[in-house]
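Q: Here's the feature list from Swiss-Prot:
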{"type": "BINDING", "residues": "C2, C5, C7", "note": "Ni(2+) 1 binding site"}
{"type": "BINDING", "residues": "C168, H169, C200", "note": "Ni(2+) 2 binding site"}
{"type": "BINDING", "residues": "C168, H169, C200", "note": "Zn(2+) binding site"}
{"type": "COMPBIAS", "residues": "18-32", "note": "compositional bias 'Basic and acidic residues'"}
{"type": "COMPBIAS", "residues": "33-52", "note": "compositional bias 'Basic residues'"}
{"type": "REGION", "residues": "18-61", "note": "region 'Disordered'"}
{"type": "REGION", "residues": "108-269", "note": "region 'G-domain'"}
Amino acid sequence: MCTVCGCSDGKASIEHAHDHHHDHGHDHDHGHDGHHHHHHGHDQDHHHHHDHAHGDAGLLDCGANPAGQKIAGMSSDRIIQVERDILGKNDRLAADNRARFRADEVLAFNLVSSPGAGKTSLLVRAVSELKDSFAIGVIEGDQQTSNDAERIRATGVPAIQVNTGKGCHLDAAMVGEAYDRLPWLNGGLLFIENVGNLVCPAAFDLGEACKIVVFSTTEGEDKPLKYPDMFAASSLMLINKIDLASVLDFDLARTIEYARRVNPKIEVLTLSARTGEGFAAFYAWIRKRMAATTPAAMTAAE
C-alpha cells in the first residue's frame, strides 16, 4: 500500500481556479511525512529451485501477517507504525475538510473505481442534469493531464484538476487546497473523482460524506472479492455500463452477492452513463442524502 511505499511524494499539481476563488482562511500542510522511494537491490544472484508439496503451492500470500502486507527490509511492526503516522496526519486534515464542508452545508462524495469504469462519463451526465438543482463543484484526480476537468467544465460546472504525479490517490491536503479554489458551494454538492485505483484510495479519508465505488459490467463479477478494502469502505456501489450486461453475460446477482460478502450494508444501483438508464434512482439517492445532511437532520442524529 502507498501508505508505506512512498508513491505519494507531496508534489501534486493543483490547477488555479478558472475565474473562481473563495477564501476559506485555512492553511494547509501538504507534505507526507516519511514518504520516500525505496529501491531494494540484491548483490547476490539467487538461483533457488524449490519443490513444494503443499496444497497452497500456487499461492504466495504476502498479506498473511499483522501488517497485511510485506515490504523487503521492514518488519510488520515498522510497517504498521509508518502507516499509522501517515494516515494519522491525513485523518487530521480530513477532519478539517469535513468541518469545512459541514459549515458550508456541502455534501461531498468521493468517487472511486478502477481505470476505465466510467467515473468521468457518469459525472459528466450527472452534473449536467443536476446543475440546475444544486450548486455543484468537482475535484478531479489524475496522475497527469486536465482532460477530465475540461470535460466537466464543458458542462458549465466548475472543476479543479489535481495532478498527483507519481501518487496513486488523492489525499486530504490536496482536496483541501482544491476546495479553496472552487466557488462557494453553500448548500450544494462536491464530487471528488479519485485517481483510478481500487487499492490505495480506500485508506485515505478526504473528509467526504461517503465513498461511492463505481464498478462496470466489463470488469467481471469478482472484483469486490479481489479488492475487498474498497468495497468495504464504500456506502454505495454504482454498477455502470448496465446496458452491456446482456452482451457480456454479466451476472448481476452474483456481483451483488460478492459485494455484500465484503460489506453487508453496501447499497447498490445499476446505471448506464451512455444511455442514462438508472440515473433517476441515483439522483433520488443523492437527494435523500442531501435531506439527511441539513443542519436540523445532522443535529437530530447527534
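Start at 1 and count along the chain as shown; that gives each residue its number.
Yeah, the Cβs are placed from backbone N, Cα and C, and that goes for glycine too.
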Q: Restricting to the region 'G-domain' (108-269), what is the model's mean pLDDT?
A: 95
Q: Let me make sure I understand the structure: which of the binding-site residues listed (C168, C200) has the fewest other Cβ atoms within 10 A of its Cβ?
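A: Counting other Cβ atoms within 10 Å of each of the binding-site residues C168, C200, the minimum falls on C168.
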Q: Three-state secondary structure of C200 (Ni(2+) 2 binding site) from DSSP?
A: helix
Q: According to DSSP, does H169 (Ni(2+) 2 binding site) fall in a helix, a strand, or coil?
A: coil
